[in-house]
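Peer 1: Dropping a structure here in structure tokens format, bear with me for questions.
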Amino acid sequence: MTSSKMEQRSLLCFLYLLLLFNFTLRVAGNAEGDALTQLKNSLSSGDPANNVLQSWDATLVTPCTWFHVTCNPENKVTRVDLGNAKLSGKLVPELGQLLNLQYLELYSNNITGEIPEELGDLVELVSLDLYANSISGPIPSSLGKLGKLRFLRLNNNSLSGEIPMTLTSVQLQVLDISNNRLSGDIPVNGSFSLFTPISFANNSLTDLPEPPPTSTSPTPPPPSGGQMTAAIAGGVAAGAALLFAVPAIAFAWWLRRKPQDHFFDVPAEEDPEVHLGQLKRFTLRELLVATDNFSNKNVLGRGGFGKVYKGRLADGNLVAVKRLKEERTKGGELQFQTEVEMISMAVHRNLLRLRGFCMTPTERLLVYPYMANGSVASCLRERPEGNPALDWPKRKHIALGSARGLAYLHDHCDQKIIHRDVKAANILLDEEFEAVVGDFGLAKLMNYNDSHVTTAVRGTIGHIAPEYLSTGKSSEKTDVFGYGVMLLELITGQKAFDLARLANDDDIMLLDWVKEVLKEKKLESLVDAELEGKYVETEVEQLIQMALLCTQSSAMERPKMSEVVRMLEGDGLAERWEEWQKEEMPIHDFNYQAYPHAGTDWLIPYSNSLIENDYPSGPR
């Protein structure tokens with residue numbers, strides 16, 4: 001009996017020590033979790049049914065399993081993404097304990113209170129995005145200690161006081177503090193010298209200093225008699241010269257109006273380098289050298305907006321140079337610069353970052369980073385022999401990434417950007433096959449003399465929404481339609497419009513062909529043969545459901561891109577599809593009961609591996 005009691009006591013002691021060890025481990029390893037728990041306790045959700053903080057369980061050893069939190073391989077928090085999450089409350093000073101944090105994204109919520117000084121302790125921070133909240137108080141001077149900070153958006157809040165001079169020592173690439181209550185002088189030194197008034201608009205700040213006026217010569221005295229005679233003679237000579245010059249001027253004007261494939265250097269292009277915010281203004285000579293005089297061997301693609309050339313800058317970096325073709329109008333240069341800067345302010349992991357531009361009296365050129373893996377279209381249909389096909393996991397990730405990029409354009413840009421030509425050819429892939437939406441903003445840029453929503457229809461056959469084609473009026477739902485067709489390209493590997501399908505008596509429009517195949521319940525015949533059967537049938541079914549929801553004939557019935565993102569993340573696709581089935585069954589005979597797999601969590605597996613690759617809104 002005594003032996004039995006001894007064993008029981010030993011077991012109890014062991015369990016006690018084990019619990020004590022676990023508690024000690026949790027306390028030691030969960031300092032970051034405690035900081036995030038403080039943030040959770042300070043915030044509340046305006047949508048309790050979809051509370052994004054619901055998974056933030058303080059009893060877990062690490063916060064790395066929480067949704068919207070990303071960790072590095074050492075289980076240190078590197079990203080907190082709570083943008084557009086319907087949260088209210090205040091930020092907490094404990095955030096300063098996240099010493100490995102690189103991205104803090106809290107845009108488009110209803111956060112109040114002040115920005116904690118302790119954020120200045122986040123020495124690894126690259127991006128701080130607090131856009132569109134109700135934050136008040138000053139901009140903390142401690143942010144000047146953030147040597148790695150490159151992206152700072154504090155616009156559309158109620159911040160007051162002066163801009164701290166300490167920020168001028170930070171090498172910012174993107175800055176937006178517009179639409180606040182700031183006062184005082186705008187710093188002009190450091191990185192602030194690169195930013196234009198658009199970054200500071202709608203405050204009570206002192207205007208940027210104007211350049212010194214050009215010196216003027218004193219008024220000359222009235223001419224004497226001899227001078228008058230010389231002036232008359234000079235006038236006669238000038239008139240004669242003008243008589244001969246007029247035909248030459250007319251000929252030059254005619255040449256300029258003709259579309260040319262040649263580039264001419266003019267003195268205006270040798271002006272001192274001009275920066276628009278983080279954009280560089282390249283000289284035409286730089287881009288001629290980079291692209292080998294725009295050699296045809298460097299052409300990456302051709303589209304409705306012009307040709308794209310591969311180039312290598314003097315510093316060795318590869319770029320893609322887009323030569324725009326458009327009709328210039330009076331005053332267009334200033335408007336072009338304004339629109340270019342607005343495009344450059346759209347910064348997101350899934351958007352192609354504009355690096356710079358070149359503007360001359362005859363040319364408009366945009367410079368982008370070079371995307372190593374080309375476009376989705378080229379990977380699907382034009383891949384070099386020996387290169388592997390896009391596997392199914394990559395295609396799923398492309399669907400989600402491109403949706404996030406489009407949602408950002410629609411919901412999080414200060415001026416909503418409608419793409420108007422969403423297709424596989426405009427979804428680019430970086431070195432890691434992350435989807436990057438390209439060519440956004442160009443439709444507006446090329447119509448900068450048009451102040452109305454209705455413009456010439458731009459787009460690609462097979463991707464154009466019916467209401468856009470019939471009325472010329474585009475909206476964000478136009479992009480949703482194009483996105484839905486792009487999903488079908490990902491699934492089938494086929495073009496949106498292909499006359500070759502006539503050989504099999506099939507519809508030339510991909511969307512119509514898919515609907516016909518689905519009526520015959522031949523799902524397997526839809527899937528790209530390049531996948532060689534290596535896909536999950538339930539996942540294909542769900543992506544088709546999403547595509548059909550996005551391509552409904554009625555624009556009002558299509559989901560918003562933000563809703564598409566949520567459904568791809570596993571929230572509401574089954575319900576939305578079932579509702580659509582009840583309404584559209586007579587028209588679209590894709591029987592949901594024939595494909596009974598209802599789960600949607602395939603698109604966001606709840607594992608650290610995918611969370612670590614999730615970069616919702618940082619600069620590229």
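Yeah, the Cβs are placed from backbone N, Cα and C, and that goes for glycine too.
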Peer 1: Of Ser204, Ser295, Ser525, which one does Swiss-Prot label phosphoserine?
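Peer 2: Checked Swiss-Prot: the phosphoserine annotation sits on Ser295.
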Peer 1: Would you mind telling me which one of Asn189, Asn293 Swiss-Prot calls N-linked glycosylation site?
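Peer 2: Annotation hit in Swiss-Prot: Asn189.
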Peer 1: Which candidate in Asn110, Asn449 appears in Swiss-Prot with the annotation N-linked glycosylation site?
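Peer 2: Candidates were Asn110, Asn449; Swiss-Prot attaches N-linked glycosylation site to Asn110.
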Peer 1: Sequence gap of 6 or more, Cβ distance under 8 Å: name the residues on the same chain that satisfy this around Asn110 (N-linked glycosylation site), in order along the sequence.
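Peer 2: Within the chain, Asn110 (N-linked glycosylation site) has Cβ neighbours under 8 Å at Gly46, Lys86, Leu87, Ser88, Asn133, Ser134.
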Peer 1: Any idea what DSSP makes of Ser375 (phosphoserine), helix, strand or coil?
Peer 2: strand
Peer 1: For Ser475 (phosphoserine), which of these recorded positions sit within 10 Å, Cα to Cα: Asn156, Asn189, Asn202, Ser295, Ser375, Ser378?
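Peer 2: None, since no candidate lies within 10 Å.
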Peer 1: Give me the Cα-Cα distance between Ser378 (phosphoserine) and Ser295 (phosphoserine), rounded to a whole Å.
Peer 2: 21
Peer 1: For Ser295, Ser375, Ser475, listed as modified residues, tell me which one has the smallest number of other Cβ atoms within 10 Å.
Peer 2: Ser295
Peer 1: Are there residues of the same chain, six or more positions away from Asn202 (N-linked glycosylation site), whose CB falls under 8 angstroms from its CB, and which are they?
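Peer 2: Long-range Cβ contacts: Ser178, Asn179, Asn180.
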Peer 1: For each of the glycosylation sites (Asn156, Asn189), count the other CB atoms lying within 10 A of its CB, then report the residue with the highest count.
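Peer 2: For the glycosylation sites Asn156, Asn189, the Cβ with the most other Cβ atoms within 10 Å is Asn156.
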